[in-house]
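Enquirer: Annotated compositional bias 'Pro residues' per Swiss-Prot: 98-108, in sequence order. The disulfide bond annotation in Swiss-Prot covers Cys209-Cys324, Cys301-Cys316, and the record cites sequence analysis as its basis. Residues annotated as domain 'C-type lectin' in Swiss-Prot: 188-325. Annotated region 'Disordered' per Swiss-Prot: 22-111, in sequence order. Residues annotated as signal peptide in Swiss-Prot, with similarity to another entry given as evidence: 1-21.
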Amino acid sequence: MQAAWLLGALVVPQLLSFGHGARGPGREWEGGWGGALEEERERESQMLKNLQEALGLPTGVGNEDNLAENPEDKEVWETTETQGEEEEEEITTAPSSSPNPFPSPSPTPEDTVTYILGRLASLDAGLHQLHVRLHVLDTRVVELTQGLRQLRDAASDTRDSVQALKEVQDRAEQEHGRLEGCLKGLRLGHKCFLLSRDFETQAAAQARCKARGGSLAQPADRQQMDALSRYLRAALAPYNWPVWLGVHDRRSEGLYLFENGQRVSFFAWHRAFSLESGAQPSAATHPLSPDQPNGGVLENCVAQASDDGSWWDHDCERRLYFVCEFPF
């Protein structure tokens, strides 16, 4: 069937071209219409033979004279031609087997411009809304900043007020401690001594005395030392307790200072009993008690014995009773 198709496609154009050449003005006047037609048929027959040989078809297929003489070949030719026409119709109608009943119109330049302008208008409206929201946010930020500044000012005022109240409270506590020390303790000249029965390290005891408006006891002379010894003996009898004084050599070993930085001018160190001299010890809980101070760099703070008023050096981190001194 494909061979017959190819044969028809090749023969028809050639026939048309040969027919046109045969009917040219020169040929018509040279031999007349009869000779031209006969010559044309011979050429067509020769061409068909060449095509049949080239395609491997039996001789006589596609020849009208042979078709008239052989009915079977004519029927085959018609069947082949009919099938070829049907295939051509199928091929022609295949691309348009499902046509779109509502084809979409192609956009025009005016439509494109209108669309772009619409989008620009939408963007401009959105940008305007953003500007409005930004303005609202800026206003809110300004309000919050002002509120925060007011809160900071109020907090600063409150902090100043609290600081002032704390200072007043500290002064009140110091005045209360001073009055309590002079009312409950020992008043001696322009000083008052008050014993505390709480166990504290030397530094903590100094801090507590300072918070109440005083400091650890700093006996300035022998008279104050003897008066303080009698006060402690009466308060803690019949026991012997070491009591922190405001004396230390933390700055330099052997250089004893009061808490106010003044250098100590006299000492009342404990001395052991001497059998050779027959002297009595200053504080004799045991005849073999060592002379003080004997702690070196390990014992830099001074405590007073409550029974005889002698001084002993101790580790500053020991927790002992302490006696405070207040100005009067």
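Here the Cβ of each residue, glycine as well, is placed from N, Cα and C on the backbone.
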Enquirer: With every protein chain in view, how many other Cβ atoms are within 10 Å of the Cβ of Cys324 (disulfide bond)?
Expert: 27
Enquirer: May I have the DSSP-based helix, strand and coil counts for the residues of the domain 'C-type lectin' (188-325)?
Expert: 28 helix, 41 strand, 69 coil
Enquirer: Which ones in the same chain are close to Cys301 (disulfide bond), with CB under 8 Å and 6+ residues apart in sequence?
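Expert: Cys301 (disulfide bond) has long-range Cβ partners Gln202, Trp244, Val247, His248, Arg250, Asp313, His314, Asp315, Cys316.
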Enquirer: Quick one: average pLDDT across the domain 'C-type lectin' (188-325), no decimals.
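Expert: Summing pLDDT over the domain 'C-type lectin' (188-325) and dividing by its length gives 86.
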Enquirer: Any same-chain residues 6+ apart from Cys209 (disulfide bond) with CB under 8 Å of its CB? Would you list them in sequence order, or say none?
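Expert: Expected: Ser215, Leu216, Phe322, Cys324, Glu325.
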